[in-house]
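Asks: What TrEMBL records for this protein is below:
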type	residues	note
DOMAIN	20-90	domain 'PAS'
DOMAIN	90-148	domain 'PAC'
DOMAIN	183-323	domain 'GGDEF'
DOMAIN	332-595	domain 'EAL'
REGION	593-616	region 'Disordered'
Amino acid sequence: MTATPSAGCAHAVTERGEPERADYRGAFAHAPLPLAVVDGEGLVVDANQAFAALVGAPPDELAGRVAADLVDLASDARTWHTYREVLRGRQADLRCTRRLKHPDGHSLWARITVSPMPGSADRDGGGTVLLAAADISARRELQARLRHVQMHDPVTRLPNRNLFFERLAAALEAGAYDDSSTGRVGLCYLDLDGFKAVNDTLGHRIGDRLLAAVAERLTRCADLAGHGRTAPPLVARLGGDEFALLVEESTGTEELAGLAEATLEALREPFDLSGQRLSVSASIGVVERRASGATATGLMQAADTTLYWAKTDGKDRWTLFDPERNAHRMTRQTLSSSLRPAVDRGEFVLDYQPLVGFDDEDVRGVEALVRWQHPQFGLLTPNRFISLAEEDGSIVQLGCWVLRTACRQARRWQLAHPEREPVFVSVNVAVRQVWDSDLVADVAGILAETGLPPRLLQLELTESAVMGSTGRPLQALKALSEMGVRIAIDDFGTGYSNLAYLSRLPVSALKLDGSFVRGFQYEEGETQGNPADAVIVEAMVQLAHRLGLTVTAECVETAAQATRLRRIGCDTGQGWLYSRPVAADRISVLLGEVNPGPESPKEPGVRPSAGRTRPR
Ligand code: C2E
Ligand code: MG
Ligand code: MG
């Protein structure tokens with residue numbers, strides 16, 4: 001007989017049918033994988049020893065038992081539904097993981113698969129199924145241990161960054177969607193003050209022990225704070241000496257402030273690390289907000305900024321996030337980064353404010369005041385950007401532009417009004433311009449280029465900029481003065497006010513700070529004015545005159561102030577009484593008005609602009 005392999009196989013089955021079935025039965029009975037044959041009604045037909053051991057029942061007592069009860073398939077609706085569908089032959093298989101309780105008390109994890117026995121389908125498609133239940137407890141435990149390692153910090157045993165962010169994301173989600181929660185989350189972001197020094201001087205071992213001890217105290221604080229709430233705040237180590245306390249379902253900033261305060265208090269207590277007594281403090285940034293709309297990154301950025309404030313405000317403190325302070329910081333950053341290109345793009349303009357003689361109320365000069373026409377923030381006054389420009393050095397380039405523009409304008413006025421005494425232009429100069437640029441060469445170049453006579457240029461420097469001037473700055477001031485340029489001390493009276501010292505510098509004018517002028521608000525004889533101010537200012541003006549300096553009063557806002565300042569002997573005044581800082585063309589009008597030329601003789605005592613010039 002010539003037999004094909006398959007025919008040979010078929011032959012073998014017919015010939016050895018019974019013994020082979022016995023082999024399979026033996027294999028089923030002793031297979032290490034727990035197996036049960038279940039009929040279309042869900043009752044156990046047969047189960048092997050491993051299955052019996054898994055569910056803790058003798059194998060011969062399993063037949064007829066409800067399989068779903070043995071491996072807990074009915075406890076959740078979805079699994080139960082799928083299981084029923086498999087029994088009816090409408091679904092290919094069921095796979096699920098179950099935590100089973102063994103009669104001896106221990107519990108285990110089982111991976112359950114239920115699939116139809118091949119060839120067992122009845123007319124309706126249902127039939128016997130094979131149920132396998134693999135014990136995966138060991139794997140689950142390993143996974144859990146791996147997860148613990150991945151989610152915890154070995155030094156402090158606290159949850160690490162990964163777990164912290166997982167919990168934060170979950171808290172934000174729960175807070176936003178769970179109606180029963182407060183809908184808020186809070187965060188204390190903590191950094192030890194001077195931890196690096198501990199590490200550097202005492203070594204990493206002590207450093208690590210300190211971190212572990214800190215972690216313990218933080219956990220204690222969190223536990224205390226957790227009384228009366230569903231769960232205590234989560235304490236995590238985010239890295240280095242940074243920790244975080246996450247308050248889910250926060251009740252408001254007060255709760256967070258209390259936690260931060262208690263934490264600082266707990267950390268102030270010295271640490272005893274194997275004989276080493278260590279005192280540390282910490283800084284904490286506190287953020288508390290509604291969960292809905294908040295993101296983990298946004299919250300952490302806010303916490304980071306706030307922690308930075310706590311550090312810069314002096315450490316050993318907690319600081320609460322302040323949106324306004326943050327906006328200010330952000331605009332400062334944005335402004336700072338766009339300053340340099342703004343100079344190149346020509347986004348700056350100059351306003352001019354008249355300096356008016358007290359004796360005849362005629363315009364003697366104008367102060368150039370820079371403004372930034374910012375594409376996003378609109379017109380910005382110098383107090384928003386001058387200090388930034390000084391910090392990053394762009395003041396040198398900006399200052400040069402101001403100087404050139406102001407000198408060019410002053411020269412134009414001189415040429416346009418030959419009939420009148422020309423007005424000088426007073427330009428503010430920052431300390432850094434004196435130090436970091438060749439101011440003398442720049443000024444000389446600009447005067448030559450614009451044709452403005454040096455006597456029509458005044459440079460305003462602050463007291464602090466010229467005080468203690470030696471070396472290069474002093475040389476620069478001397479060279480400028482010798483060139484014929486006037487040097488004025490701006491905001492006089494706010495700094496050292498050392499007139500005797502000033503007399504040794506090549507200074508020709510003082511600009512009395514607005515804070516003095518403010519005391520001159522009332523007519524003489526009225527009680528509100530501080531007489532001490534008047535005495536001081538009068539003495540200063542007299543001394544300045546004796547030293548050959550002219551005096552300008554800043555911020556003259558009322559006629560009463562002007563009257564008293566004139567009486568005291570101030571030479572010129574500058575302020576809103578006469579004019580706000582205005583665009584160059586307004587000054588041109590003003591010069592024409594005050595000195596209208598031969599056709600219409602000038603009325604004496606006409607205030608150049610009072611009430612007529614409006615700011616841009
Ligand atoms: P400053 O040199 O003391 O300029 C006078 C400031 O007082 C100006 O403010 C002016 O608008 C304001 N002011 C004038 N009259 C009155 C008044 O009657 N009442 C009150 N309350 N204020 C008055 P502004 O324009 O905001 O300038 C602020 C400061 O920015 C200036 O103070 C100056 O130190 C600085 N600055 C302005 N332009 C420049 C510049 O081109 N370079 C440098 N380095 N600094 C500049
Ligand atoms: Mg000034
Ligand atoms: Mg001033």
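Cβ atoms are placed via backbone N, Cα and C, with glycine included.
TrEMBL labels come from automatic prediction, so no person has curated them.
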Asks: Counting each residue once, how many in the domain 'GGDEF' (183-323) are helix, strand and coil under DSSP?
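Replies: Per-class counts: 65 helix, 42 strand, 34 coil.
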Asks: By DSSP assignment, list the helix, strand and coil residue numbers for the domain 'PAC' (90-148), in that order.
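Replies: The composition, in the requested order, is 12 helix, 25 strand, 22 coil.
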Asks: Take every residue in the domain 'PAS' (20-90), average their pLDDT values, and give the whole-number result.
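Replies: The average pLDDT of the model in the domain 'PAS' (20-90) works out to 93.
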